[in-house]
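Working notes, beginning with the structure itself.
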């Protein structure tokens, strides 16, 4: 059984308007793969369809060898994939610790949960300091850490990160990407959706460039970061 | 002075029941985003069913509370999927659809009750009825004290469930973001069903308690629908802490208005207060609502 995420011919529509026109990509175990593209290219839509938040019109989604196309998201949780949604989606009226425990909602093994909780709080010491605080009082960067930590608490090996750098100060953006590297080094697989193409390509192994609902270019991160089209459109020109 | 203290005590004791109604009503709104117009009719049905079981089995209404909770829990659990379908079918007007649907439910319940049981008033007799405790010259009716204690116990169990259990955590998460809760493995359809079921169960139990204090009739519901709206708006939409404070306030206001102004002015003065609260604190008494 091949570990990882494989998406074939994915089409997603909002009402009658098709937003994603037959996109295929693969994320293999241990990779950091990035999906870059302009605002409105359909990046978030793809992630939302993959994790069952919105219905798939056509195509297949295969997670660790199991076809999960159009499964409701609560059934996908626990199969090894977790989605950190755009805008972080933390539960502001719950404490930091409660947010993390919600992540472990489907898991039964108390020892494993405690182990992962220690791991997450070790990874994000800031969250450890604030674990009794309401999550709504955290800063943007801390909320992003919490969203990632919560996803890790589901026990997933594959993380889908939707615009983790959005709305963060440059110094924090860097620390978020460093966290991605740390998590990948700990053996996790990451699918990173980003508008910040330079940062995303700097840490990714491979990438896909999405233009108006279709994949325009794909390849190794190094290849992409030197590709003239990518340079012009996403990296501020060849300088 | 004695009258004042008596009024305060009566108000507080009655407030306990309003808390029970509003805690469930608030949770229902917070999680399902449904304002249930039929809340008062659940109170009425709870009171009637308790009366029927109690008179035919001669079991004290207080002892019937768990049974009433279970019966109405099941009723709510079975009804919720229909409500859910009505709301999700027309997403842009979910709130309005919910209002229309629950308004229909309330008319149906009231009409059915009227047809089956007629206009006659009934009294729910408990072991505490007619007794009272004298404390430093203040007369405390045992029945009111008993219902207060039960109402508080029910509310505490409810809050404990919400704050301390794994399922309660899921409910609170789903109340804020159902889509993200789904990503965490929480089945929001199931949460919605259980939340509605808890709400109908709690409301029916408070109906039994209300029935023990006041008389029961098929027209009683609308009064409690209005009270529930008062508590939830004054406490701040979706805020359970606010609902508790507002529930006590409602009990006190009721008691004071009845004693010092006159029973017929209860709604008038109540809504004057609600108006002032909304002017001064639009997010509710504790400022924690929407």
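The backbone N, Cα and C atoms fix where each Cβ goes, glycine too.
Please treat TrEMBL annotations as automatic predictions, because they have not gone through curation.
Remember, predicted model here, so these are calculated numbers, not experimental data.
Database features, via TrEMBL:
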- B:12-35: transmembrane segment (TRANSMEM)
- B:42-59: transmembrane segment (TRANSMEM)
- B:65-83: transmembrane segment (TRANSMEM)
- B:95-120: transmembrane segment (TRANSMEM)
- B:140-162: transmembrane segment (TRANSMEM)
- B:194-214: transmembrane segment (TRANSMEM)
- B:226-252: transmembrane segment (TRANSMEM)
- B:259-280: transmembrane segment (TRANSMEM)
Mind pulling out the one from B:12-35, B:65-83, B:95-120, B:140-162, B:194-214 with the most Cβ pairs under 8 angstroms to the transmembrane segment (B:226-252)?
B:12-35
Stretch among B:42-59, B:65-83, B:95-120, B:140-162, B:194-214 sharing the most Cβ pairs under 8 Å with the transmembrane segment (B:12-35):
B:194-214
For the transmembrane segment (B:65-83) and the transmembrane segment (B:259-280), check the count of CB pairs under 8 Å (sequence separation 6 or more) and say whether it reaches 3 or more.
no
